[in-house]
Amino acid sequence: MPGDAIELVWRAGDESRTTLAPIEHRSRLDSSVDEKTLSGTETVADETKVVIDGAGIGERELEALPKDARAREDDAAFPGLECRDPSPGRPEPPTGIKLFFLLVALASTHFASSRNRTADPARPQMLVEVLVGLDNTIVATATGTIANHFNALGDVGFYGAAYLLTCVAFQPLAGRAYAYYPQKLVFLIGLVIFEVGAVVAGCATSSAMVIVGRAIQGLGYSSLFIGILAICANTLPIRTQAVVTSLMNVSYGSGTVLGPLIGGALTSKVSWRWTFWINAPVGVFAAILVVLLCHPPLIPQTLPNRTRIARMDWGGALLLLGSMVCLLVALQEGGIKTAWSSGRMIGLLVGFAVLFVAFFALQTYLGESSSISIRLLTRNRSMAATSLVNFCCGASYYALLYYIPIRSQTVDGASPVRAGIELLPLIFFNMTAGIIAGWTVSKWGMVQPAMLVGTSFTAIGAGLHASMNENTTEGQWIGYGIVVGTGMGALYMMSFLASQMLVDEADKSKASSLVCFWQIFGGTVWVGASNAIYANKFKAGLGRISGINVQQVLDSGVDQFRQVVPPELLDSVIKVCIDALFDVFISCAILGAIGFVAVFGIRWVRIDDDKTEKREQEKAE
């Protein structure tokens, strides 16, 4: 770009960093950079190169830069300036058969993890997505068998909670890792951790070992989902991303549907341990394809490894983990095992509030070094609205995926496998709507219409499920599932695309991490909240039925309570289930409505590949 920019080379030790600044800021830069820091300048053709040595740049130097400059996580020298890749050129986006197999790899990971999210459901590319999706539900069919095997019925809730805790607590930390280290390496490490957790759980000799394995799996998954988004964003044009993200949703849905079927077959015909071990071959295949086909551009680094490790926001991860432990334990026990007014419950809720506020206070203090960008939340209305939409999306999505099968089991008496089959209309239209939404965004370049369709259909579908009772016909639940599936599919990945369109290039990784956090956080919190809503309403209703052993019914689980309830009282218990489920589904409908309103707070922008490609060509020149 002769004549309109200066090239800045910042050196720290043996490392160097090249950035670009507009030529109009040259005089401000020259007047503010300390003489001891400025090594010299040289002019090549019409370009001016400023060479700066030192371990860091002070406040005066930063003031010389454009006022609207914003820091990238990996840019410690000149926040907000575009980084010139020192490599000969940016890798060409994969196409044809390479793109196909890359997507297969990423989708497989997501497929497996959707199988394994057990009773509390909380992707790069399509093989990874399949792995994740499969993991979310396959273990759910085996939790009762696992608990019976170890005589630990009270641990059933922790098989899912342990996964969710580490997943939501370490997701912001994983986002930092993708900014500081090679993306493919971080992704593969996360995949290995996920598989190690599956092996540990499958080889468990105690219930506690299963819980540890699940926690390790959640830690691995925390980097897989954000990793798929990061790799796709850095490898594919944004219009292609619209189609790819919809295919990710398809693979995730496939894993969710197949999970109960595969899990039920493995548990009854082989062993519950294979619900974990089946992850291994899928994960190995996905890892091989990622190694061979995934080549995201390397992000130049100026910081030594020790500094990068220190800036990983370990304190934030611990605060978030502590707050989530307090909240989920309170939601799981409150009103069921311990009274809400007890000192234990009050302490847990206060602990959650204090630690959660401390987490965001730390993020504010860290500024541009934080793992969650408070600046994007407070100074960018569109990003705040997108985050709210994604919170509502994650909350309603996971709660509905969890409680629709529970309704089938409790009200209709369906087996876990049958409940999974009854999800097929929902998942099929989830995948179909996702493909249509991705194609539409790719063609027309706008995500808001898809988000409006998604939030409205989710709200309507959840409301329709709230109206279901013991007399609901097969045609009705199929139709209601179609409405919910259409809403989920149209909405699920759109917030991530919106976040990439609403911020500058330097903020894209932060935006992805932000909306990803709110989706996982929403799912984790609302599944727990839904559990509290359902369990407390169910327990209160049982208490009004004479002749019922309330604790025995609660301990029997959703698929076994019919065996302990006297036949003459079964209809009354089912009505109590329906009343409790009504509150859960209505809460999801309200979340969908809030998300619908929040979409109008997002600035309407259109994908413009032509201008984007032109800017990239200018940088390369």
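Using N, Cα and C of the backbone, Cβ positions are placed for all residues, glycine too.
Quick look at what TrEMBL lists:
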DOMAIN    121-607  domain 'Major facilitator superfamily (MFS) profile'
TRANSMEM  156-173  transmembrane segment
TRANSMEM  185-212  transmembrane segment
TRANSMEM  218-238  transmembrane segment
TRANSMEM  250-268  transmembrane segment
TRANSMEM  274-294  transmembrane segment
TRANSMEM  314-331  transmembrane segment
TRANSMEM  383-403  transmembrane segment
TRANSMEM  423-442  transmembrane segment
TRANSMEM  449-466  transmembrane segment
TRANSMEM  478-503  transmembrane segment
TRANSMEM  515-534  transmembrane segment
TRANSMEM  584-605  transmembrane segment
Same-chain residues at least 6 beyond the ends of the transmembrane segment (584-605) whose Cβ lies under 8 Å from its Cβ atoms: 381-382, 384-386, 388-389, 392-393, 395-396, 399-400, 403, 446, 448, 451-452, 455-456, 458-463, 465-466, 487, 491, 498, 501-502, 526, 529-530, 533-534
PLDDT averaged over every residue in the domain 'Major facilitator superfamily (MFS) profile' (121-607): 82
The transmembrane segment (478-503) vs the transmembrane segment (423-442): 3 or more CB pairs under 8 Å: yes
Maximum Cβ pairs under 8 Å to the transmembrane segment (274-294) - stretch from the list 185-212, 314-331, 383-403, 423-442: 185-212
For the transmembrane segment (156-173): best-contacting stretch of 314-331, 423-442, 449-466, by Cβ pairs under 8 Å: 314-331
Intrachain neighbours beyond the transmembrane segment (383-403), with Cβ under 8 angstroms and 6 or more residues off its ends: 119-122, 136, 256, 376-377, 423, 451, 454-455, 458, 461-462, 465, 484, 488, 491-492, 495, 498-499, 502-503, 511, 514-516, 518-527, 530, 534, 581, 584-585, 587-588, 591-592, 594-595, 598-602
Whether the transmembrane segment (449-466) meets the transmembrane segment (515-534): three or more C-beta pairs under 8 angstroms: no
Contacting positions for the transmembrane segment (314-331) when only residues 6+ beyond its ends and CB under 8 Å are counted: 161, 164-166, 168-170, 172-173, 345, 348-349, 351-352, 355-356, 358-359, 362-363, 366, 370-372, 524-525, 528-529, 531-532
